[in-house]
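TrEMBL has this to say about the protein:
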COILED    214-241  coiled coil
COMPBIAS  289-311  compositional bias 'Polar residues'
DOMAIN    51-85  domain 'RING-type'
REGION    282-323  region 'Disordered'
REPEAT    339-372  repeat 'WD'
REPEAT    381-414  repeat 'WD'
REPEAT    517-551  repeat 'WD'
Amino acid sequence: MAFLSETYKVISNGSPAVKSQIQRLPRDSEKEDGHSVPLVLVEEPSPHLKCTVCKRLYNDPVISVKCGHTFCRKCAFKVTHCPIDGQLCDTSQLVVNRIVVGQIEDLLIHCQYGLTETDGDHSPDPSGCQEHIVFGKREEHEANCVFAPILCPNNSGRCGRFRKSELDRHLEVCQFTPCGHSEKGCEFVSTAEEVRKHEDTTCGYRGLQKSVSFKDFSQQNRILEENNKELREEVGLLTQRVELLEGGRENMQKQLTACTSSLLALQQKYENIQGLVEQLLNGGRNRRSTGSPGSSQEMTRLRSTSSSNTAMVLRSPPTSPSKVEDWQMPFQFKCIGTLRGHKDIVWCLATQRQKLCSSGADGLVKVWDMETLSKGCIKTLEGHSKVVHTMVASGDILYTGGSDMSIRAWNMETLTQHANVEVWEAKTLTHKHTISGLHHWVRAMCLNKAKDRLYSGSHNTIDIWDTTGTFDLKGKIDHTFGSVYSLAITHQYVIAGTYNQNIQVFDVETKQHTRSFQGHIGTINSLITSLSGRFLFSSSIDKAIQIWSLELMLPIQNLKRHEGSVNTLILLGDYLISGSEDHEIKIA
Ligand SMILES: [Zn+2]
Ligand SMILES: [Zn+2]
Ligand SMILES: [Zn+2]
Ligand SMILES: [Zn+2]
Ligand SMILES: [Zn+2]
């Protein structure tokens, strides 16, 4: 415990309070210099606590061992002899008087923040701290005293200190109140009221986001430098990789060039071979088609440009011979229209010149003009009382056969019923079948005009009949693929669509099975080939139409536009026409 004060004043409890308006208080720095911390006792201390040398309260009391009297330590050094008994004062023989120290520490004093000063005299301030504290606990109390002054946060140098209760009043008038956006950089300073006006109207920093404060700059700089280093390393790695890739790319380009030239050579060879094949085919076709001139129309191909029926262009010299299609791979069939009119399943289709005939479960034969398809059905032929299963056009006559046990013939020019074909004619064929010993349904038949042969598909067999008049059995293709539902013939192949075993290809000469076409799921309802025999079209109950190349033996296109089993297909020039269980006929 240090006794810093050499001047003190005693004010008794009963003395009238000294009124003072002075609010300025001593500063912390002045406390270092002990003389300025005022000590004001609450009661007059006992005379035994006063030094006989300086007549004041003991400051650091020590006993002179020689005579036993007590002095302040400083006073003991000032005197040579004890003022009470005159004995020599030996400063080497001084002992702290602990009893007096304890008594002084128990004295009640005023808090320094409860005092006011007038001409160097300190007296209690009724507006300050009113606590009486024991001298020994003074520092402890004053460190936490709520009356201790606080520096003005706006400008400690210019404004100084204020008691807590006075600070709020000061802040209202403080000239150094900063703008609320000072952290963003605003340097405006004024009274609180002026600052409020400034913030609401003229402050240029109002809308800005809080920016990085100056303190953060070195930290930020360090982080950015680290990031920069990492990025440079990454760029280095990426540069290496790009160089590697560029090397690879050059290699690939060389290989690509090599491949391209090989491909060009192959294409050249392919074209040469194709030319040869077409020459051969044309020779064969011309020989065969002499017997049936005008059986097909020639159409210009407008697949990629035509999207509506009305845009179709037809050139149809009626007397020209059948023309082999000149489709060059790759080509594509696109659905260009849907014919709606049938109220039930479409089972069969036939064409004659520009006319398309369709029929099915509704028993009606509808005739459409290929040149004016957009105008709809041009004629509905009524006559059959039940489902029409099949129809065939020959010359100007359309033959239709149905569940009502009748075969009807229609004149295609006048579109009227021509005759009722006698049922027994059909029975003659049935008769032949019986002779051959067939025990299963015949679901598919196909004519090979070049060889005068009729092929009929049955269960596990395809029978070949002579069509020159006798209908003798001329051959048989035995197989294990189950029931044959559709048949097609080219100069090379007999192609059979089966109940559930895909499409099977047999050699027309050797009658050996050569290949299976996988792709459809379920029964193959219809098979047709292009005139040249290069392409095969198949339709199935799986709602799809598949186009195959018989040269490559590969599927080349899948058409899936119907919403029901596709029952029948027909090819008219460059148009593929399909009839379906969904009552619709689509043209591709
Ligand atoms: Zn003294
Ligand atoms: Zn003495
Ligand atoms: Zn206090
Ligand atoms: Zn201030
Ligand atoms: Zn501002």
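Here the Cβ of each residue, glycine as well, is placed from N, Cα and C on the backbone.
Since the structure is predicted, the reported quantities are computational estimates derived from the model, not experimental observations.
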So, by DSSP, how many helix, strand and coil residues make up the domain 'RING-type' (51-85)? 6 helix, 9 strand, 20 coil
Mean per-residue pLDDT computed across the repeat 'WD' (339-372): 83
Under the DSSP assignment, what numbers of helix, strand and coil residues are found in the repeat 'WD' (517-551)? 0 helix, 18 strand, 17 coil
Residue counts in helix (H, G, I), strand (E, B) and coil for the repeat 'WD' (339-372), per DSSP? 3 helix, 20 strand, 11 coil
